Amino acid sequence: MQWRSIVVGLLVLRVLLNCAVWLVFGLGPSWGFDFPIKFTFNLHKIELLKDGDGATVKTNAWSQHMYDNRNPQANTCSKISGNSPKKSYLSFFQEGRDEYERKYSSFPDALKVKMRGMARDMFYFGYDNYMKFAFPEDELNPIACEGRGPDVLNPSNININDVLGNYSLTLIDALDTLLILGNVTEFHRAVRLVIETVSFDKDSTVQVFEANIRILGSLISAHILLTDPRNPFGDIALKDYDNELLHMAHDLAVRLLPAFENTSTGIPYPRVNLKKGVPPDSINETCTAGAGSLLVEFGILSRLIGDSTFEWVARRAVKALWNLRSNETGLLGNVVNIQTGQWVGRQSGLGAGMDSFYEYLLKSYILFGEKEDNRMFSAAYESIQSHLRRGREACNEGEGDPPLYVNVNMFNGQIMNTWIDSLQAFFPGLQVLNGDVENAICLHAFYYAIWKRFGALPERYNWQLQAPDILFYPLRPELVESTYLLYQATKNPFYLHVGMDILESLEKNAKVRCGYATLHHVVDKSKEDRMESFFLSETCKYLYLLFDEDNPLHKSESKYIFTTEGHIVPVDQRFREKSWEDQFPCEEPINKPPANISNTKCCLTIIIREAHAQMSFLDLLQEDVLLVEEEYNGCGGEVTVITDTVEQHHVVCAQSSDEDDTGHTFEAVDPLLPL
């Protein structure tokens, strides 16, 4: 078979090329090290590896079990001998225990002040040059010293157009970072610029997820900080401020609502045109993180303005995804068809396409106190530990490889590939929030080991070949975020050293004439002319906070949480209250509603089809559009009102066509079918 010979030849050639790369760049195997940080935590026992029959494999060496029950020839690690001594990735830190104690056991205050200054200077070098050369465009091209907006000549360039909406993205994204740095004057100037110059009435097609976390989240965060009567950052009141940022957030959220229409599952379309709604050629596929990571921002907005619409649609999307998880493993895939509910991508992991879905389950519970969010997160975390985690039971002791979280098939838990991506570096920070500090320490060490090797995190890293699969690094913040949260949890000066290493690497490898540039290649350090907005909103923010022990954020009596874009919001009792329940009380549901209507306690919800019809639910009531009496006490479930115009309306109830105890009759229909 000639084709088989060709395939074998190509495989051999790839192995030889990888060996050459290792030799040239010094990337050869160096796994194994007795990590000098000692832990005193206990880990619960979990099943690490399973064979095809579900029996536990009595080994902790994930490096020898990449492909369960697959053709051995497909396993490019098949030649590793079971008797070969293995080293762990923690060997990157090994310099002897005495050397470790000398280097990492302390971090002088003077050095902390110096690093804080470097982080501040890094932010302002990027921010000032953006304002000088790029504003009001969305991003800065730091090499050419010019602005960047949407690629109008190539609408299919989603790498750019998903993010850039012609709405001064970098300025909005950086608002609360200015306040974290204590620059109230520039914060006020930036807020005024946003109010006076930014409009969302644009013919821009953007990704719902990106617009939500970068724009909506920042506007909400800045508004909350401006109006917080406790003044955690001092007196930062802006003269004549009249909730404009909140109004802008509401305007943007209304323009994102069409993504939730005409989808039979309730899972939103991935993209929306801010002026025209969902594009006619929009695809029916979206990623789990993109559709399921809207609840924090939408939920806060709903509770700030007293309109349940936004939280309802976001929460329904989360529930729809959750109900599609595997019955066998409890895992979700990474890409789903929003009309059929079928999984297009069956890979389950912690990185791109899934990361913030898990993050927002926990953070939504922390913010809103909804027990269902906690139940979903706990179940998801258990499934992750059971099916994604490979390696020995404890991080710092025992036989076999240190723990690693891999990408598996959602239906059977078998490993699908041998790479992980840099977005997964957020997970140690989430583990800290969940109280699983030992696992957080261990996973963080894995990613820091990769950073030590390259001075950056490659977008994808092949843990089998121990080399990058995708070589660029766009200044992502996830490792810095986890480093900051681990330091807050442990106060171990080791993490200050990690932060200093990251800060100095960025300064050395990414700084260019007018800012900090994406690394095109983490080995040769070649660059791309782009500075994404999250560099200022997250990477610089976490680095600064890591070294600023006395920041008001740390000293305030209020507790704060970071959104997935790094925007700060307080853990506040008002976000655990639903003003619409006071307006329209609802009793516990009695009858099971149709499958396509969420069974929540919220009694009345509006989805307004036309983006320009920015009427709140109460406005609609006052206009007598809804034939619902004020004393209406509920229909035993949830009422959803969908209007094409204020003249046409349908009332959807959790019950079928029946009379409720107020005498009204309601028709059960699909809430997302065209009227």
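Positions of Cβ are set from backbone N, Cα and C atoms, glycine also.
Straight from TrEMBL, the features:
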ACT_SITE  GLU210  active site, proton donor
ACT_SITE  ASP355  active site
ACT_SITE  GLU459  active site, proton donor
ACT_SITE  GLU478  active site
BINDING   THR564  Ca(2+) binding site
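Distance noted between the C-alpha atoms of GLU459 (active site, proton donor) and GLU478 (active site) is 12 Å. Taking a C-beta cut-off of under 8 Å and a sequence gap of six or more, GLU478 (active site) has these contacts in its own chain: SER422, LEU423, GLN424, ALA425, PHE426, GLY429, LEU457. Of all Cβ atoms in the shown protein chains, 21 besides its own fall within 10 Å of the Cβ of GLU459 (active site, proton donor). On the backbone, the CA of ASP355 (active site) and the CA of THR564 (Ca(2+) binding site) stand 9 Å apart.
The two recorded residues GLU210 (active site, proton donor) and THR564 (Ca(2+) binding site) have their Cα atoms spaced 10 Å from each other.
The active-site residues examined here are GLU210, ASP355; by Cβ neighbour count within 10 Å, the least packed of them is GLU210. Within the same chain, residues at least six positions away from the residue listed as 'Ca(2+) binding site' with a Cβ under 8 Å of its Cβ are ILE213, SER293, VAL296, ASP355, SER356, GLU359, TYR360, PHE426.
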